[in-house]
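Quick look at what Swiss-Prot annotates:
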TOPO_DOM  1-30  topological domain 'Cytoplasmic'
TRANSMEM  31-48  transmembrane segment
TOPO_DOM  49-411  topological domain 'Lumenal'
BINDING   71-77, 224-232  3'-phosphoadenylyl sulfate binding site
CARBOHYD  ASN138  N-linked glycosylation site
CARBOHYD  ASN327  N-linked glycosylation site
CARBOHYD  ASN350  N-linked glycosylation site
Amino acid sequence: MGMRARVPKVAHSTRRPPAARMWLPRFSSKTVTVLLLAQTTCLLLFIISRPGPSSPAGGEDRVHVLVLSSWRSGSSFLGQLFSQHPDVFYLMEPAWHVWTTLSQGSAATLHMAVRDLMRSIFLCDMDVFDAYMPQSRNLSAFFNWATSRALCSPPACSAFPRGTISKQDVCKTLCTRQPFSLAREACRSYSHVVLKEVRFFNLQVLYPLLSDPALNLRIVHLVRDPRAVLRSREAAGPILARDNGIVLGTNGKWVEADPHLRLIREVCRSHVRIAEAATLKPPPFLRGRYRLVRFEDLAREPLAEIRALYAFTGLTLTPQLEAWIHNITHGSGIGKPIEAFHTSSRNARNVSQAWRHALPFTKILRVQEVCAGALQLLGYRPVYSADQQRDLTLDLVLPRGPDHFSWASPD
């Protein structure tokens with residue numbers, strides 16, 4: 001045995017040092033942005049470095065659809081029109097996980113991370129969520145997971161047979177603890193993968209997906225009268241506070257009140273940017289891959305509009321879906337704030353015009369001012385008096401001409 005070294009004893013003072021003040025570092029907004037970009041880059045490198053998914057059976061024929069919209073524009077309703085189709089694997093706003101994880105970022109700095117998340121999901125690679133979710137997770141880890149009929153049907157769960165209309169409350173009861181790994185298996189068993197997203201603010205960031213030979217992507221761009229969007233946002237209350245902060249680039253500060261209408265201005269600008277990019281000298285790879293839909297047209301003629309959307313995306317309207325669509329668009333009332341992210345049976349036409357009685361005329365004038373370009377481009381008529389506002393015989397949705405959005409459909 002070797003000799004054990006002796007450790008000299010150190011005399012310790014019995015006097016206690018004075019309590020030190022806690023020092024918290026302060027970072028400038030520029031430093032926060034740099035740190036956030038570094039974090040995002042690390043996440044992207046992690047995602048890219050993982051082995052890619054194996055080619056699914058029939059993957060070459062799979063259709064990928066991105067329902068592109070903004071908050072409170074009827075996108076949850078349109079998402080359900082796709083989700084309930086028996087050939088569709090649907091997820092609602094998967095980029096919620098990116099924005100929640102990187103909430104100090106801005107919409108622009110998070111665009112790339114959101115886009116790469118979309119690509120992985122379209123290819124049924126659910127391992128991409130490792131960067132945004134706990135390692136131990138179930139199907140219920142997805143944001144608003146029960147809105148996906150595919151996650152409530154085999155092979156993900158046996159709550160509802162394929163071809164039947166799912167119900168969220170039943171799905172939550174029976175499928176909450178299903179393994180997360182079943183999402184990939186379910187995704188690969190469908191001919192269509194549809195994602196609904198509200199976190200893209202220009203079309204150019206999606207060009208790599210539109211030109212990607214591994215994808216067969218269609219863009220469904222849903223818009224709504226900005227005056228109706230404002231009324232719906234106000235009714236939703238603080239639900240969107242975190243997202244509002246990211247849209248406005250507040251470095252993680254939540255934003256509830258928006259007296260200067262900065263948010264609705266940005267929403268209008270984003271719709272104009274996207275629509276103009278798709279219709280004014282668009283790149284060749286966009287031909288036949290973009291379709292603009294107004295919520296008001298969907299509310300007035302739901303079956304005609306959904307038939308056109310299904311044809312655009314290669315789906316067929318079944319008798320059961322037709323009956324279900326009629327029922328959910330011919331209910332009563334306009335919905336409650338608690339239904340902010342849910343689709344219930346209500347009168348779609350009344351929903352689309354509720355703002356005409358709910359908003360003060362002075363606020364409508366302000367919206368028309370900050371969203372003048374969007375109103376003109378998307379076909380919404382301004383009002384110039386409170387009487388015009390409340391006169392429901394005055395149609396404020398202009399007809400679409402034969403050349404309107406000529407790039408919406410393939411030649």
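Every residue, even glycine, has its Cβ placed from backbone N, Cα and C.
Features as recorded by Swiss-Prot, highlighted on the structure.
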| residue | record | contacts (Cβ under 8 Å, 6+ apart) |
| --- | --- | --- |
| TRP71 | 3'-phosphoadenylyl sulfate binding site | VAL198, VAL229, ARG233, ALA236, LEU240, ASP243, VAL267 |
| SER73 | 3'-phosphoadenylyl sulfate binding site | VAL198, LEU222, VAL223, ARG224, VAL229, SER232, PHE295 |
| SER75 | 3'-phosphoadenylyl sulfate binding site | VAL67, SER69, LYS196, VAL198, LEU222 |
| ASN138 | N-linked glycosylation site | THR176, ARG177, GLN178, PRO179, PHE180 |
| ASP225 | 3'-phosphoadenylyl sulfate binding site | PHE295, GLU296, SER352, TRP355, LEU375, TYR380, LEU396, VAL397 |
| ARG227 | 3'-phosphoadenylyl sulfate binding site | TRP355, LEU359, ILE364, VAL367, GLN368, TYR380 |
| ARG231 | 3'-phosphoadenylyl sulfate binding site | ALA354, TRP355, ALA358, LEU359 |
| PHE77 (3'-phosphoadenylyl sulfate binding site): tally of other CB atoms within 10 A of its CB | 22
| said: Whole-number answer please: how many Å between the C-alpha atoms of ASN327 (N-linked glycosylation site) and PHE77 (3'-phosphoadenylyl sulfate binding site)? | reply: 13
| said: Quiz question: given the glycosylation sites ASN327, ASN350, which has the greatest number of C-beta atoms lying within 10 angstroms of its own C-beta? | reply: ASN350
| remark: As a whole number of Å, the Cα atom of ASN350 (N-linked glycosylation site) is distant from the Cα atom of PHE77 (3'-phosphoadenylyl sulfate binding site) by 14
| task | Based on DSSP, name the secondary structure state of ASP225 (3'-phosphoadenylyl sulfate binding site): helix, strand or coil. | result | coil
